[in-house]
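Feature annotations, courtesy of TrEMBL:
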type: DOMAIN; residues: B:237-443; note: domain 'ABC transmembrane type-1'
type: TRANSMEM; residues: B:37-58; note: transmembrane segment
type: TRANSMEM; residues: B:233-262; note: transmembrane segment
type: TRANSMEM; residues: B:282-304; note: transmembrane segment
type: TRANSMEM; residues: B:310-332; note: transmembrane segment
type: TRANSMEM; residues: B:353-375; note: transmembrane segment
type: TRANSMEM; residues: B:429-448; note: transmembrane segment
Amino acid sequence: MTVSVTVPMAMNKRTLESRNVKMSARGVKVFYGENEALHGIDIDILENEVIAFIGPSGCGKSTFLRCLNRMNDTIAGARVEGQIALDGNDIYDPSLDVVLLRAQVGIVFQKPNPFPKSIYENIAYGPRLHGLARRRAELDDIVESSLRRAGLWDEVKDRLDQPGTGLSGGQQQRLCIARTIAVSPEVILMDEPCSALDPIATGKIEQLIDELSESYTIVMVTHNMQQAARVAHKTAFFHLGDLVEMGDTDDIFTNPREQRTHDYITGRFG
Amino acid sequence: MTTTNLDTVDSRRRQRLDTVQRSLKSRHARERRFQGMGLFAVITALVLVTILFASILMRGVPAFWQATLYLDVHLDPEVIQVDERPVRQAAESPAQFRERELVWLNQLGMVNWNGLIDEALKAHLPGEIESRQTRDLRALVASGERFALRDRVMENPGLIGQTISVKMLASADVDVWLKGNIDRSLADSRQQLSAQTREWADYLKEQGVIRNSFSTALFLNTDSRSSPASAGLAGAFMGSLFMMLIVIALTVPLGVASAIYLEEFAPRNRLTDLIEININNLAAVPSIVFGLLGAAIFVGYLGLPLSAPLVGGLVLTLMTLPTIIIATRAALRSIPPSIRQAALGIGASRVQTVFHHVLPLALPGILTGSILGVAQALGETAPLLLIGMNAFVANVPSSPMDQATALPVQIYLWQGNELRNFFEARTSAAIIVLLGLMLSLNAVAIWLRKKFETRW
């Protein structure tokens, strides 16, 4: 039994181009206290590709995602070993400013978490923080273009001063994506971005991911294999803290090399 | 076969339902018992609070109105024999002028003001009053009132020779007698006032010369021992105000800052654990211990003055700090971590995350905690007794270094006063004032919380 796969249109055009490695990990281990959650992950993430991390709960895929912009720093007792590089530069280098890293590698969380401020302020906060806009008009431009790219502009343009928390769940998640785009990151991490959304909102987010992959590298964690099959160019399967297999999405789903991958995608465990 | 099977299935089902039903009965009974006990507890508490408030109000509210004499005093030039008010001459040095002015003030002080008041009283009383009855007569008026009359003439010497209408507080004993706070059937020897004075008081009340009027003295005067009727809360109020300003100025920034540091920035290690345990323990230390500490350190070691609101404020600051730190930490902890992650995720630093997002959201909780902490400090008595704030102070303090007392301490002092049946009412009135202040502080806390909450 296999999952039917439709390869995204955008991908076909770009497979021929040679692409640079955007982020790479070598021997990444993560410890929560004494407990080793990841046992040495090696991975290369190419520029402008959408890569999905799949695997059963507790397999370490979210943990690894959070290593990519050092969100694990905020968890007490978490420790990262090994090397993760962005454009060849070690992101765990003590001299590197984590704020700069997070401006380059943005993150969208599982549950939509807009600030309890207006829609405008939600988007404007990041650019203002990093000094990306000097004048109000520039800021207005960033807000509009970010909301347009997130496909939310037409729905909220008349109520930018309304609270972001008043939007529906799907709109809130697109607002969070717009907020991430507004600081012009190079990589966007998405931690199960659709798990709290209904199928229609999920469809919109997936379409958005496909569009965004034109200009961003997107790394997403998902529990939904169909979703990985629909939007990801590459898929990586994690199991019990190991990266079992990574490859082109259609290879993983139609012709996995490892037995564990095969068992998982055919629903034998998970 | 099948029918028996069905029967057993059916009977088992019925058995199961019966068991559930039986347990249901006892469960409901338990629920009712618990609700009954809860209701009983709430009603008991409400009844007790009602009794408390009713007794305070019943005693205290009448004390806001005091027996007052409405008299026409003739400022007889024969009695007030003073020179013209000195005017400064061109050739005079300030010292020389001051000397002449003092002579004049001295003359005013020597005037028999009581005699003038006596005359005014006699005009309303029937029959001839002999000079041996002067004592009884003077017992009618609060002893401080002659100075009020003197001050009025001192300010405006042009009044001499005129007849002016004056409101004078009746003495505390007269007030008690007329309000019926003392048993009228007691023998003369056990009464505070002579039979003659009591008769006159009743007569003047009947004539409308003595009326109940709102006691501004309670709010505008300081404590008084010689003239209890004019004892007021002004000194204690200012003392409490200075202390509260010190407490607010010190505890809120210090407490909130340490809570933010401990909650958001401090590493979790042995030292911070120790600090946390100590803060929690400090919140449970009896307040009188802080008084001892204040007496030893601020007064004994640093040599700050006794009875000063500055010392009181510092002691209350120490007492309030743990409360505010704990309240602020709880408020910070209640902000969902998703907000912090959102801010960190778009590249805000930790300080920016805290000050742009977490703190504004935690503000209602912090404000509520701070105001309740300050209100608690406002009502604190015990530590102040140990740093001399229970002294008798007859001035309104003009700075935190002056001697002063505080509202709750004033209540304590009045409650223990020997003129009990006057000061018991005064005490209740002061309690009402203090409770009023507390309630308004709490109202402000609720208002602030609502205001900042709706701001999402």
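Glycine is treated like the rest: Cβ placed from N, Cα and C.
Since we're looking at a predicted model, the values are computed, not measured.
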Inset, instruction - Tally Cβ pairs under 8 Å between the transmembrane segment (B:233-262) and each listed stretch (B:37-58, B:282-304, B:310-332, B:429-448), then give the stretch with the top tally. - result: B:310-332
Legend entry - Same-chain residues near the transmembrane segment (B:429-448), Cβ under 8 Å, at least 6 residues beyond its ends: 56-57, 60-61, 63-64, 218, 233, 236-237, 364, 367-368, 371-372, 374-375, 378-379, 407-408, 410-411, 414
Legend entry - the transmembrane segment (B:282-304) and the transmembrane segment (B:37-58) contact flag, 3+ Cβ pairs under 8 angstroms: no
Legend entry - Intrachain residues whose Cβ lies under 8 Å of the transmembrane segment (B:353-375), provided they are six or more past its termini: 244, 247-248, 251-252, 255-256, 260, 264-265, 320, 323-324, 326-328, 330-332, 334-335, 339-340, 342-344, 438, 441-442, 444-446, 448-449, 452-453
